[in-house]
Amino acid sequence: MLACVSEPVYLLGIDTSCDDTGVGVVALTASGPEVRANVVWSQTVHAEYGGVMPELASREHVERIDQLLPQALAEASIELADLGAVAATSGPGLMGALLVGLMYGKGLAQALTVPFYAVHHLEGHVYAAATEENLAPPYLALVVSGGHTHLFDVPTQGEYHLVGATRDDAVGEAFDKVARLAGLGYPGGPAISAAAERGDPLAIPFKPPLQGQAGFEFSFSGLKTAALLAHQRGASAEDLAASFQRAAVRALVGTSVRAAEAYGRETLVVSGGVAANRELRAAFAQTGLRVAFPAGGLNTDNGAMIALAGAAALQARQTSSDLGVSAAAYVPLAPLPGGSAAAARRKAR
Ligand code: KG4
Ligand code: ZN
């Protein structure tokens with residue numbers, strides 16, 4: 001355990017949970033954590049298959065990670081020996097892909113004899129936004145990506161209560177699928193967002209899903225089907241994009257605002273790839289809540305956010321993870337054995 005933060009403690013963060021190889025460096029200074037490097041290799045090998053091929057993702061992580069580490073160190077202007085801790089995602093994600101970054105991180109920590117922190121991928125996303133505004137809990141955290149649409153209540157650091165999640169498709173997945181059917185390309189989020197600027201958001205009267213109902217769940221598969229029907233009836237790609245985006249954004253914002261009222265929270269952090277969406281950011285700005293988003297480059301999967309979660313664990317003087325910690329493909333944000341959220345709860349007991 002590192003005793004003080006009078007000079008920067010440099011943390012390396014690694015994320016290989018899906019199809020992005022991310023390596024980042026965070027400096028933990030007396031005034032808090034600062035991202036010093038964020039290097040991401042977004043795999044393109046999957047494009048011809050129309051989805052992520054797990055075995056190809058693992059192989060590509062193996063090939064790239066050795067190149068990304070020196071790049072990240074150079075970007076941060078530090079040497080390997082300057083690292084004071086290493087953090088890596090241990091779940092959830094693709095098993096083989098996770099194992100590459102986790103084993104790499106554990107091996108590096110062992111070789112450098114520095115603490116290792118196993119981090120839950122979603123906790124990394126949450127810290128990417130919270131750190132940007134220097135926020136501490138309590139807050140609500142909305143994680144919106146290609147694989148997740150999760151709303152958590154975070155009463156204290158490291159404590160997560162699931163408030164609501166999607167019943168079916170993740171919102172980013174719906175952006176990707178609607179973009180594909182409209183012929184707008186991949187990844188769908190930025191493509192929909194760009195096309196929507198030229199479309200009429202009121203052209204197709206999509207109903208924002210699950211609004212006016214009790215509870216805080218989300219659902220995007222009905223909206224995706226409605227978009228398919230509108231496309232078959234001849235709606236333009238631009239109107240489809242603008243109308244779909246409007247309905248999806250209204251569902252995310254409407255449910256989050258109701259949850260904030262129900263849980264008595266005035267602050268919300270929004271993260272994950274879809275948090276880059278301009279309409280979403282503009283709609284949240286109208287809510288009266290204090291809303292934090294990640295800085296550029298930290299919305300989508302990256303290693304810096306994992307280093308930020310590790311830095312929070314280090315700052316809170318949490319016990320580092322056992323090097324025996326293994327990867328978990330499916331794991332809820334609360335109990336990650338040996339991980340950062342679990343360590344915080346152990347400490348609070
Ligand atoms: O967090 P992320 O990199 O990966 C997962 O953990 O899934 O998120 C990727 C998702 C994709 O579905 C992509 O279409 C979406 O984030 N996305 C966006 C935007 N930029 C990326 N969705 C809406 N608007 C955007 N500007
Ligand atoms: Zn992610």
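Our numbering is plain: 1 for the first residue shown, then up by one each step along the chain.
Using the three backbone atoms N, Cα and C, a Cβ is placed for every residue, glycine included.
What TrEMBL says about a protein is an automatic prediction, not a curated fact.
Copied over from TrEMBL, here are the features:
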type: BINDING; residues: H121, H125, D301; note: Fe cation binding site
type: BINDING; residues: V143, V144, S145, G146, G147, D176, G189, N277; note: substrate binding site
type: DOMAIN; residues: 34-307; note: domain 'Gcp-like'
(request) Around ligand 2, within a Cβ distance of under 6 Å, which of the binding-site residues V143, V144, S145, G146, N277, D301 show up? (result) S145, D301
(message) Pairwise over V143, V144, S145, G146, G147, D176, G189, N277, annotated as binding substrate, what's the top Cα to Cα distance to the nearest Å?
(response) 17
(request) Let me know how many other Cβ atoms fall within 10 Å of the Cβ of G189 (substrate binding site). (result) 26
(request) Provide the number of Cβ atoms within 10 Å of the Cβ of H125 (Fe cation binding site), excluding the reference atom itself. (result) 35
(message) Given the binding-site residues V143, S145, N277, return the subset with CB under 6 A from an atom of ligand 1, ordered by sequence, or none if empty.
(response) S145, N277
(request) Run through the Cβ atoms and count how many others sit within 10 Å of the one on V144 (substrate binding site). (result) 29
(request) Select the most exposed residue of D176, D301, where exposure means the fewest other Cβ atoms within 10 Å, treating these as the binding-site residues. (result) D176
(request) Using Cβ-Cβ distances, find the residues under 8 Å from G147 (substrate binding site) that belong to the same chain and are at least 6 apart in sequence, listing them in sequence order. (result) C18, A170, G172, E173
(message) Restricting to the binding-site residues H121, H125, D301, which ones have a CA within 10 Å of the CA of V144 (substrate binding site)?
(response) H125
(request) Ten-angstrom check, please: count other Cβ atoms within 10 Å of the Cβ of G146 (substrate binding site), all chains counted. (result) 24
(request) Between H125 (Fe cation binding site) and V143 (substrate binding site), find the distance joining the two CA atoms and give it rounded to the nearest Å. (result) 7
